Amino acid sequence: MKALSKLKAEEGIWMTDVPEPEVGHNDLLIKIRKTAICGTDVHIYNWDEWSQKTIPVPMVVGHEYVGEVVGIGQEVRGFKIGDRVSGEGHITCGHCRNCRAGRTHLCRNTIGVGVNRPGCFAEYLVIPAFNAFKIPDNISDDLASIFDPFGNAVHTALSFDLVGEDVLVSGAGPIGVMAAAVAKHVGARNVVITDVNEYRLELARKMGVTRAVNVAKENLNDVMAELGMTEGFDVGLEMSGAPPAFRSMLDTMNHGGRIAMLGIPPSDMSIDWTKVIFKGLFIKGIYGREMFETWYKMAALIQSGLDLSPIITHRFGIDDFQKGFDAMRSGQSGKVVLSWD
């Protein structure tokens, strides 16, 4: 079958022909319809330090997808041939303390689809049936293909009560923009997003944020004054991993503010911890999606009117995958969707 693989320990992704995967007793075989390119896939393409330490070569990559069930393991219940599904990319062990307590998103033995085992950039994918999620009929293939990153956004945004709150989102990448849209949709008062990439800030404006701020040109304190905010932000969603953005967030949080961190900063990032202590800030680390509460909330948010369509900016057939990666690597894109039909 046709697949996109990391074939060599160097920059690039290559179109290859690989055997179709075998279906185990508890697995589903999924015929892929559409996939989306993640920032993780760009890291793998670039072959950065993280990728060199993490990715086995050769391997089929990718973990954002929608497809159709075409094969079912003999122990599987609850799925049928023809079901349209996406799937949780974190495959968990089922036997650690967190798994047994129902906190599977915190499994210490997680294996990543397209990171530690073959991924979805292929005509067919096998995953455990436990990881599959049925897509409602009124959600398009395009939107279903980005459920994985949308789940990161939903998990982060809904970590705290947002109704009537002033929310600061640092980082206007696709996940940050979707998190900002979720915050506005569920009833936040002001949703302010910051970045230095004007293309992506414009995407955030299309998604309905209160203010999209280019911090290279505007002062965040001036924006707060313009919005009538006198006590700082109630909730911070840190999506950038950029130390200056996180320090600015700490400066502008209200006392007792709550911060959810999805962005991955450098390991040696320094901050003024006195601001955390004397402001009484609560900081929560976010990884992946809650299984599967986040997935049900994702579907419900779209069904209740949340419009994510502006975040998908580029669409290509799979034979033009290089154009998709070029768009993602340029920084001048939202989500990029590849069609396998």
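Including glycine, each Cβ sits where the backbone N, Cα and C put it.
DSSP assigns Thr40 (active site, charge relay system) to a helical segment in the three-state reduction. Annotation comment: Swiss-Prot describes Thr40 (among others) as active site, charge relay system.
Residue environment of His43 (active site, charge relay system) contains 16 other Cβ atoms, counted within 10 Å of its Cβ in all protein chains. The feature active site, charge relay system is assigned by Swiss-Prot to His43 (among others), with sequence analysis given as support.
A coil conformation is recorded for His63 (Zn(2+) 1 binding site) in the three-state DSSP classification, outside any helix or strand. Using a 10 Å Cβ-Cβ cutoff, His63 (Zn(2+) 1 binding site) registers 25 neighbours. Taken from Swiss-Prot, the feature Zn(2+) 1 binding site applies to Cys38, His63, Glu64, supported by sequence analysis.
Here Swiss-Prot flags Cys93, Cys96, Cys99, Cys107 as Zn(2+) 2 binding site. All protein chains considered, the CB of Cys107 (Zn(2+) 2 binding site) has 21 other CB atoms within 10 Å.
The NAD(+) binding site annotation in Swiss-Prot covers Ile175, Asp195, Arg200, Leu262, Gly263, Ile264, Ile286, Tyr287. Around Arg200 (NAD(+) binding site), the C-beta neighbours below 8 angstroms that are at least 6 residues distant in the chain are Ala172, Gly173, Pro174, Val177, Gly331, Gly334.
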Task = Among the recorded positions Thr40, Cys93, Cys99, Leu262, Gly263, Tyr287, report those whose Cα falls within 10 Å of that of His63 (Zn(2+) 1 binding site); none is a fine answer.
result = Thr40
Query = How many neighbouring Cβ atoms, not counting its own, are there within 10 Å of the Cβ of Cys96 (Zn(2+) 2 binding site)?
reply = 16
Key: Conformational class of Ile264 (NAD(+) binding site) under the three-state DSSP mapping   = coil
Ask   = So which of the binding-site residues is most packed in, judged by how many other Cβ atoms lie within 10 Å of its Cβ, out of Cys93, Cys99, Ile175, Leu262?
value = Ile175
Query = Whose Cβ lies within 8 Å of the mean position of the Cβ atoms of Cys38, His63, Glu64, the Zn(2+) 1 site, other than those residues?
reply = Thr35, Ala36, Ile37, Thr40, Asp41, Gly62, Tyr65, Gly89, Gly114, Gly119, Cys120, Asp148, Pro149
Task = Within 10 Å of each Cβ, count the other Cβ atoms, then let me know which of the binding-site residues Glu64, Asp195 comes out lowest.
result = Asp195
